[in-house]
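Below you'll find the structure, written out as structure tokens, and then a few comments.
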Amino acid sequence: MSDSEEESQDRQLKIVVLGDGASGKTSLTTCFAQETFGKQYKQTIGLDFFLRRITLPGNLNVTLQIWDIGGQTIGGKMLDKYIYGAQGVLLVYDITNYQSFENLEDWYTVVKKVSEESETQPLVALVGNKIDLEHMRTIKPEKHLRFCQENGFSSHFVSAKTGDSVFLCFQKVAAEILGIKLNKAEIEQSQRVVKADIVNYNQEPMSRTVNPPRSSMCAVQ
């Protein structure tokens, strides 16, 4: 195999998404992996598995294996096995639900236990979801950032509903795992709202203005 063939090979990363039920984990992963947003809440039983390939600076192709872990698995026998081997862990909470933030301590305790047993240290990111509901926020950004600083987490705020910063979150996590620095232009481009309308043929489409231009919501409302 030539050097060029080796260089063109994909890197693969296992990213595990943890947090309470209804924190928006599945909406977050589907918005990223499938560019859709489901209006109806459907509880994840066990886990869901998603794949998406992205390109990082230097034309590095990276396939993200995203493990969306059901919120009810905390304390379950399989949780350790789901986390094992992950290069990245996303701790997701709902910024309007204080308990979902408090319970991340329990999720992180399991991550630390698995890390100690496997002698590997995944990158851990704290993800505040549902920023489209800023007016209902119950967890102040300062508390979020303090939790990050105390534990060495990377910090992210996203909206799975609008797509705001969803791609950027996964992109930054993958880049940080691989030691790649994103420049300002790449970050700004990834912050754009994901274009991923859900088509419902039983309803008349509604027009809406979205900023920035030429982008749209992960859900049609």
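Including glycine, each Cβ sits where the backbone N, Cα and C put it.
Per Swiss-Prot, the range carrying the annotation region 'Switch II' out of 14-31, 68-85, 176-193 is 68-85.
Among the ranges 35-49, 140-154, 200-214, the one that Swiss-Prot lists as region 'Switch I' is 35-49. Of all the binding-site residues listed (THR26, SER27, ASN129), THR26 has the fewest other CB atoms within 10 A of its CB. Beyond the ends of the region 'Switch II' (68-85), by six or more residues, the same chain brings 14, 16-23, 25-26, 29, 43-50, 103, 106-107, 110-111, 113-114, 117-118, 120 to within a C-beta distance below 8 angstroms of the stretch. Rounded to a whole value, the Cα-Cα separation of GLY21 (GTP binding site) and ASP68 (Mg(2+) binding site) is 11 Å. Each of the binding-site residues LYS25, ASP132, LYS161 was assessed for Cβ neighbours inside 10 Å, and the highest tally belongs to LYS25. Mean pLDDT for the region 'Switch I' (35-49) in this predicted model: 60. The distance from the Cα of LYS161 (GTP binding site) to the Cα of ASP68 (Mg(2+) binding site) comes to 17 Å.
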